[in-house]
Amino acid sequence: MESVLKAHRGGESVLDLSPRWTVGGGVEDVYGEDCATEDQLVTPWTVSVASGYSLLRDPHHNKGLAFNEKERDAHYLRGLLPPAIISQELQEKKLMHSLRQYDLPLHKYMAIMELEERNERLFYKLLIDNVEELLPVVYTPTVGEACQKYGSIFRRPQGLYISLKEKGKILEVLRNWPQRTIQVIVVTDGERILGLGDLGCQGMGIPVGKLALYTALGGVRPSGCLPITIDVGTNNEQLLNDEFYIGLKQKRVTGKEYYDFLHEFMTAVKQNYGEKVLIQFEDFANHNAFELLARYGTTHLVFNDDIQGTASVVLAGLVASLKLLGGTLADHRFLFFGAGEAGTGIAELIAIEMSKQSKIPLEETRKMIWLVDSKGLIVNSRKESLQHFKKPWAHEHVPVHNLLDAVKAIKPTALIGTSGVGKTFTKEVVEAIASFNQKPLIMALSNPTSQSECTAEEAYTWTEGRAIFASGSPFNPVEFNGKRFVPGQANNAYIFPGLGFGLVISGAIRVHDDMLLAASEALAGQVRDEHCDKGMIYPPFSNIRKISAHIAANVAAKAYELGLATRLPRPADLVKYAESCMYTPSYRSYR
């Protein structure tokens, strides 16, 4: 991945630590603040202890009925609460009972998000203790529906909305956020939300959901997380004609105006929060996603979850699947359906890992990976018309115009779907790959569930129970011929919370490909024989915080090895250090 981006940058590497930006953050003073004089007016800010009614309305400190007698006296809560004292565990039990009464996932989503606005620690306790049940509610697939209806369910701001109206004032907008020490920012411009397209300002559900997982699964403290939506308009006519739409009612700006606005944003973030804040790009359109990663990879701590996170989690599944398939990565042939940011990002990381393991040059390992886009197999004869990120995947072959013919021609051992188009792994396609593989690996990665290339049941049925299957959205276990198959979920939530936490605890200042490989290797290493016996190529989510600690430790170790870590001295045991740094949502006692 870095090799492709490096070429796009004119040869500049992440490890070069561009002299345009200093480690201390010292970006150009575009706002003239360093010229401030003592004559300028300032506001004397003070902080007071929360008590009484204001304490019960503060989600960071509210404990509901868990305040004990002493706390009720000390903080003027007498009479503001019913007399019963209920523990956090009992509150959690009551809330889970209530959530299970809802029939619609969207109603569960709304109830959980309302809890976060009321009682932050209880929200995270609920999510951590019931992660397998609640992950599909706060993340894919329900978050997609939540974004589609975000204008209708919007109650109060959960992040920052930075629109074109704030051009020239972005630093001021960042300073409106109450928290000053930010560790992770997840930002979207809403142009390509999951497989749902342009949702404009309503894409805020994605950064909010991702950061909830950063805390619950990765251990980053909630106060260190900042969701941001960049609103540059929308090309979604339905939203533009919706009187209740909450964003700018104009067509998207593009080109120089777009990139100038994003540059002001990136400059302001670094000026306000420093060099070590992680900026995660989320659900940008292909052309912007690659460009932003190339532009800022050498000057900021940036990470694109759709390109790099997806690649890392899929690579982990492929490495783990070798326990069932046998051989090494270089012994297999991969065919992708979909050649956008996810498909090409995964392909590049597979090629890098393959090259690292086998010592085969990267240019050669790429030739073991084939991609199909909307026009068919990507081949040399199409090279001149291809976007830059597709060109490395143009190999010598006669043109092939559809997926079925591509499967028959390439004879892959693994079929990977990143198209965003549902039902494209048809019975004919699946039966074709099963005809020349004893254990075909099928990964239907597109989200949400409606966009999945095929279902788990279809994959197992059409291959007579021989498939190794994983998907982007969750599927229930499948019974076939008396055997129970547990489909894997190639969910980015396995990777990005641990990866981000590893960057935070090491004080890393750049993201390098080797860190992604380190994250993949750590995740694959958590797949045990008992998981493989059920056909699983990912470990269960019930152990996710332990998994994230191992990923964080691996990533941090690589940051120290590459000289990109600033938190010194290096801890002796990085796994224990990661676990000790993780946020825990248990109620605190107040004096």
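Placed from the backbone N, Cα and C atoms, the Cβ positions cover glycine too.
Feature annotation from TrEMBL assigns domain 'Malic enzyme N-terminal' to 116-297. Residues or ranges marked as active site, proton donor in TrEMBL: Y139. Residues annotated as (S)-malate binding site in TrEMBL: R192, N447, N491. Per TrEMBL, the feature active site, proton acceptor maps to K210. Residues or ranges marked as divalent metal cation binding site by TrEMBL: E282, D283, D306. Residues or ranges marked as domain 'Malic enzyme NAD-binding' in TrEMBL: 307-560.
Shown here: features listed in TrEMBL, placed on the structure.
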residue	record	Cβ neighbours (10 Å)
Y139	active site, proton donor	24
R192	(S)-malate binding site	23
K210	active site, proton acceptor	27
E282	divalent metal cation binding site	27
D283	divalent metal cation binding site	26
D306	divalent metal cation binding site	23
N447	(S)-malate binding site	23
N491	(S)-malate binding site	26
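Cα spacing between N491 ((S)-malate binding site) and E282 (divalent metal cation binding site): 14 Å, rounded to the nearest whole number. Note: the CA-CA distance between R192 ((S)-malate binding site) and K210 (active site, proton acceptor) rounds to 15 Å. Among the recorded positions Y139, K210, N447, the ones whose Cα sits within 10 Å of the Cα of E282 (divalent metal cation binding site) are K210, in sequence order. A Cβ within 8 Å of the Cβ centre of E282, D283, D306, the residues given for divalent metal cation, is found for these other residues of the same chain: T188, R192, I193, I206, F281, F284, A289, N304, D305. If you check the recorded positions K210, D283, D306 against Y139 (active site, proton donor), the ones with a Cα inside 10 Å of its Cα are K210.
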